[in-house]
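A.B. asks: Pasting the feature list from Swiss-Prot:
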ACT_SITE  His98  active site, proton acceptor
BINDING   His261  heme b binding site
SITE      Arg94  site 'Transition state stabilizer'
Amino acid sequence: MSEQGKCPVTGRTAVNPVTTGGMSNRDWWPNQLHLDMLHQHSSLTNPMGEEFRYKEEFKKLDLKSVKKDLYALMTDSQEWWPADYGHYGGLFIRMAWHSAGTYRTSDGRGGGGTGNQRFAPLNSWPDNANLDKARRLLWPIKQKYGRKLSWADLMILAGNCALESMGFKTFGFGGGRVDIWEPEEDIYWGKEVEWLGSNRYSGERDLENPLAAVQMGLIYVNPEGPDGNPDPVAAGRDIRETFARMAMNDEETVALVAGGHTFGKCHGVGDPKLIGPEPEAAEIEEQGLGWKSGYGSGKGDETMTSGLEGAWTPDPIHWDMGYLGMLFKYEWELTKSPAGAWQWKPKDVAEEDLAPAAHDPSKRVPTMMTTADLAMRMDPLYGPIARRYYEHPEQFADAFARAWFKLTHRDMGPRSRYLGAEVPAEELIWQDPVPAVDHELIGEGKIKELKKRILASGLSIPELLSTAWASASTFRSSDKRGGANGSRIRLSPQKEWEVNQPEQLQRVLGKLEEIRNAFNGEQSGGKQVSLADLIVLGGCAAVEEAARRAGNDVTVPFIPGRTDASQEQTDVESFAVLEPLADGFRNYTKRKYSVTPEEMLIDRSQLLTLTATEMTVLLGGLRVLGVNFRQSPHGLFTNRPETLTNDFFVNLLDMGTEWKPLSKEHETFEGRDRKTGEVRWSATRVDLIFGSNARLRAIAEVYGSDDAQGKFVQDFVAAWNKVMNLDRFDLS
């Protein structure tokens, strides 16, 4: 082969460019377990450094000054991307909405909490066309405030300021969103291989979980109607399903659609074939901008974005009742935009209900509605809500303010994480509130006393560990929900979940409540312990006792300060999505799924912020301690149960055992002595993956070594403590 054109360092040629690097391991073995999602967003990719604390930097931010600059930007039209109607408000509302609107309740992923709109795939989704310009318009403000203001916060704040600058009173703003510096690898956006593909439905129109959007590359629904079919009633069904999966009820949905579409316009004046590639596919000289249009100037009145064309209201840069007024005042006729997209025009529209041309106020042009907009009138449930809002403007304004706040803050977790002077005082149930600490906390002496009482109560090590794990492991790093604080494991719906073994759970909680009540009754000076703390403390005591039985004297860290939420503070429907479909740490699977149990283990571990090493040591420890669902023997590779040993790894790696599947599905297995044929162990896929997967086996070998017992216990305690405190935002 000729040496010409070959890289002197890598040896790659033009047919093997550095951008692809040839076949990857995942290309060769596409079913290989994806462990990289456990090691995202490390200090190696973060230019801010390990010591950077955004919370502390945000406290130094002059929020009023930032907002003043944002208000000024709204009407500071730039020649390279001029503002519609001389005001960027509509563009920034769309940017903020699309930043937050990727959130879905099923796994808590998506949303505006990380600034992920800056990276692929979101920066190049068809539904985010030309939002790259919105972020470039914000760059001078981001540049000015630097480390004190994250992109994630700035994008949401810009949406708020856009609304406020056009006369709307928002509900508030909480900062604290921390930027990421690389694309998120843990989010499943769908299996389609083409933009706007919709291979995500089964049955009559059952949307695949955990997805919320109807097509690949859309935030919500297709505005032209389901799969481009302009049927407003059918669109209403899609909207209801999609918005419900984004935590919105019907009233919130109508408020968001009607409120958001009060502002701005759509762009579709020319041939969509003239639109250039998205940012990730654009040429290097475009400097990260995409969708360069060859239609006229490609900007201003010649802008191409969605293919729809026109404003919704006669006055697109002021808060008013224009959207609902137009929706109910006119009958609507199906038509097509100049770009060929289905939309609707008002019949016999009055002169005063025409909108100004976006870049020539001397011209008046018709408004429009999308098929999705007409669902707000024609859907049998949305219609009455929309009419009520139309007849009660103050109710509409309040509903939109609250729904917008929920949209832009739903993925931030509890209210205690919000930063800044504009955090609303009102506590909202979707924030999963927990009471403030109103008593003196227990100290080291009382902690030791309570541990002794718990261990003397007759509760077993597996019972204590299972209860503590069930309480804490509901946490999701995605939207910061769940966790042990609040002791919601004693409330509906968690107390009824199959994985929590309700009968055993009630017995354990009853015993712990007896201990708590007796202890609290004996105290003076207001010192108390919450059940939430006692549940975690019981798990810590069990770990210490199990380690002692193995000959290791350890103290598991414990910091009191959790409180007990009430059933009234707990939205049962909202918490239902936290129920584990599978929990590999308890060897539990609710039913058979299209993904493997080991893949679901990785997914849960990622939500618990566990590394592959932490996941491995935790699972191996929990197996020998007997935490399995319904005391299943699978993976119990020890003759010393309830003792914190490294036996799981020692016996898993023993070549004297030969494994065979017990069914053609390869879901459960039997391990027999190679020489005698005697059954030694049974296992699930989740157990055997730690010997099968090369990366996990390498970690298992560390803990299965002869000198590993001490390190195993130390690492198990550290990982256990991490999970128990994932929701302790008061400590971070």
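Glycine residues also receive a Cβ, built from the backbone N, Cα and C atoms like all the rest.
Just so it is clear, the model here is predicted, and its values are computed rather than measured.
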A.B. asks: Are there any residues at least 6 positions away along the chain from Arg94 (site 'Transition state stabilizer') with a Cβ closer than 8 Å to its Cβ? List them or say none.
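C.D. replies: Same-chain residues close to Arg94 (site 'Transition state stabilizer') (Cβ under 8 Å, separated by 6 or more) are Leu131, Ala134, Gly260, Gly264.
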A.B. asks: How far is it from the residue listed as 'active site, proton acceptor' to His261 (heme b binding site), counting Cα to Cα, in Å?
C.D. replies: 13
A.B. asks: Would you count the other C-beta atoms found within 10 angstroms of the C-beta of the residue listed as 'heme b binding site' for me?
C.D. replies: 26
A.B. asks: What is the total of other Cβ atoms whose distance to the Cβ of the residue listed as 'active site, proton acceptor' is within 10 Å?
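C.D. replies: The answer is 22 other Cβ atoms.
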A.B. asks: Helix, strand or coil: which one is His261 (heme b binding site) in, per DSSP?
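C.D. replies: His261 (heme b binding site) sits in coil per DSSP, no helix or strand.
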